[in-house]
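Novice: According to TrEMBL, the record shows the following:
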TRANSMEM  A:6-30  transmembrane segment
TRANSMEM  A:37-58  transmembrane segment
TRANSMEM  A:78-99  transmembrane segment
TRANSMEM  A:111-133  transmembrane segment
TRANSMEM  A:145-166  transmembrane segment
TRANSMEM  A:178-199  transmembrane segment
Amino acid sequence: MELLEIFLKSIFIDNMVFATFLGMCSYLAVSKKVTTAVGLGAAVIFVMLVTVPLNYLLDQYILRPGALAWMGEDYAEYDLSFLTFILFIATIATMVQLVEMIVEKFAPALYNSLGIFLPLIAVNCAILGGSLFMQQKEFNNITEATVYGVGSGIGWFLAILAIGAIREKIRYSNVPPAFRGLGMTFILTGLMAIGFMSFGGMLTGGDEAPTKEVVENVTPAETVEVNEVATDSTALETVTDSLTQTVQQ
Amino acid sequence: MANTNVEKEPLFSKKNLGLVKDPLTDNNPVTVQVLGICSALAITAELKASVIMALSVVFVLGVGNVLVSLLRNAIPSSIRIIVQLVVVAALVIIVDLTLKAYMPDLAKKLSVFIGLIITNCIIMGRFEAFALGNGPWKSFLDGIGNAAGYGLILIIVGFFRELLGSGKLFGFPVFGDPVEKTGLYATGYENNGFMLLAPMALITLGLIIGFQRSRNKNLIETH
């Protein structure tokens, strides 16, 4: 349940593009066509899947204060957190290179579709942002961090896919000249972000225990209502029937 | 021959000044080159944070451009991206630690966005497009100019968002007190809290771009 929550939250509520503006450069530059947008989006998911857990391990065992305790007592007091940026970005750059080489060797077809986008990704803010937010959120274990990474990647993928599709369609609309291209894309992204804000309430419904209490409190009142309705009207019979059934159950 | 030419050119020749001035208007990195929006918009809800962010980028890009320009003949082109990333990361760490030491509150507010200067496309873009092919002084001017152009947009967006969103500038109430209904609030004016949320940053920037393009027809895209 916890994992599902992290997953959904990273896709919809903390969406990389709409909530934190990460990866905007490539989002704007590569979203003119849906096909290229899909290619870059897939590459981002893939790289996030690799780098976020890796940076989680780095953070746990090297960077955070006291993380070096596994090397022995003498190292327990070291705090290397100031090296975070350099280590994270170095990991990302090397992983991107490595992934590029592996994909080129073993999956040429995938390389042909992702290939040109992979180097672009090393400097995509969404990737570094994912790792930095992962560090800030202090996940309990590597599974949570991985799920967060994949979820953020999928969120970014959805965003670029949507704007790619809209930009292909908007070519046929009569946009005021000054807003053509970049300006309209920004405003559209803003409107989509407003849409995504409505997901904000999705996970704040409370947990299971309180809802049960509410149901128990409500049932007596409901039976009264049902009786009144049953005496008053015949049109609502079906509804009242189903309601009384649930009450009896 | 090339050497004497460089020496003859005065430090602030018209061309060199152009390096600083162009990015402020006609060749603005944010509104025209579409670079560096990533780490920028999330922190523009307040003018103060925008100014600090702008100054940080001016520092990182100015110094970084000079360093990359000095190193440009020593870097093998196959690993240049990693070298550039290390240069930026080192500079950003300096900025981050300085902010944490002298402005801990603001550093907390900017959170990961200072770190994200590393992957700010303006920085890599200028390194690749300019510093790798030009001398240190020109690269310095180019860096300052582009970072200032970026900062300018950041400050404009921050100005409108803070003014309309919370009725303040640099945390100082401009329109009066919204609770006690003084100043402009006495006439029934209300703050538009929506300006402080993420979507309005995008829409504000979209409007700024539209405004700039309506003044300068050369920038209009065909589609």
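Just so you know, glycine gets a Cβ as well, placed from its N, Cα and C.
What's the neighbourhood like for these features in this structure?
Specialist: Cβ atoms under 8 Å from those of the transmembrane segment (A:6-30) belong to residues 36-37, 40, 44, 117, 120-121, 124-127, 129-130, 133, 139, 144, 147-148, 150-152, 154-156, 158-160, 163, 182, 185, 189, 192-193, 196-197, 199-200, 202-203 of the same chain, restricted to positions at least 6 beyond its ends.
Beyond the transmembrane segment (A:178-199), the same-chain residues lying 6 or more positions past its ends with a Cβ under 8 Å from any Cβ of the stretch are 12-13, 15, 17-19, 27-28, 31, 159, 162-163, 166-167, 170.
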Novice: Cβ under 8 Å, sequence separation of at least 6 from the ends of the transmembrane segment (A:37-58): give me the contacting residues as numbers and ranges.
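Specialist: That would be 23, 26, 30-31, 87-88, 91-92, 95-96, 99, 113-114, 117-118, 120-121, 124, 126-127, 130-131, 134-135, 139, 142, 145-146, 148-150, 152-154, 156-158, 160-161, 163-164.
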